[in-house]
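J.: Straight from Swiss-Prot, here's the annotation block:
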- 80-180: domain 'Fe2OG dioxygenase' (DOMAIN)
- HIS98, ASP100, HIS161: Fe cation binding site (BINDING)
- ARG171: 2-oxoglutarate binding site (BINDING)
Amino acid sequence: MLVVIPQVLNAEQVGAVRERLEHAGEAWVDGRVTAGYSGAPVKFNQQIDERSDVALECQRLILGMLERNPRFISAALPNIVYPPMFNRYSEGMTFGAHVDGSVRIHPHDGRKLRTDISATLFLSPHDSYDGGELQVQDTYGMHSVKLDAGDMVVYPATSLHQVTPITRGTRVASFFWIQSLIRDDTQRSLLFDMDNAIQRLNQTGADEEARRTLVGCYHNLLRQWSET
């Protein structure tokens, strides 16, 4: 399930993050330092040292906004969110086809995190660069994603994906992973559809007893499938 989440950050917040990243100096490092053995040969970008002060400051802002975003909560059903990381692609940079590693070590507390969901939060205006599309492969084909600054996409971390070469400008983004309460993507998709249907029924004033029954079914499925 690939889900677009608009306006995770507003224009002012995007500007604040971008300003901090643009003045990060030596905190920008070769992106291959965190790549696995299969990703390193095809990864050509820069990223912020995830333990740097600028990373910690930007992480707090993004995590705070995610906690208050109903669409993110509904789609991801997050259990643990890996602290957001930040990358930069200039002209000629790319990240070839790869699958994200299955387990990450939390940089702040050492916990192991299962990467159920991958997330990319775009921080550059979509018309400020050419190329740089996030391409995600699933059973229905290839999906090309290029969103405006402040918008985010989440998709199964099991997906083969890539970032196409930059031919003009610079693409800055945040990326991270989520260990969901529901590890199975099909089950998450079903619960996401149910939650959306419930919200629409609430807006239309549909039969209250029927809505309560549907809400009960949602929570009973969540109770049956979730891992905490």
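Note: Cβ is positioned from N, Cα and C throughout, glycine not excepted.
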J.: Can you grab the distance from ARG171 (2-oxoglutarate binding site) over to HIS98 (Fe cation binding site)? Cα atoms, rounded to a whole Å.
T.: 19
J.: Fewest neighbouring Cβ atoms within 10 Å: which of the binding-site residues HIS98, HIS161, ARG171?
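T.: Per-residue Cβ counts within 10 Å for the binding-site residues HIS98, HIS161, ARG171 bottom out at HIS98.
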J.: Could you please provide the mean pLDDT value for the domain 'Fe2OG dioxygenase' (80-180)?
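T.: Residues in the domain 'Fe2OG dioxygenase' (80-180) carry a mean pLDDT of 97 in this prediction.
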J.: Including all protein chains shown, what's the count of other C-beta atoms within 10 A of the C-beta of ASP100 (Fe cation binding site)?
T.: 18
J.: Return one of helix, strand or coil for ARG171 (2-oxoglutarate binding site), based on DSSP.
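T.: The three-state answer is strand.
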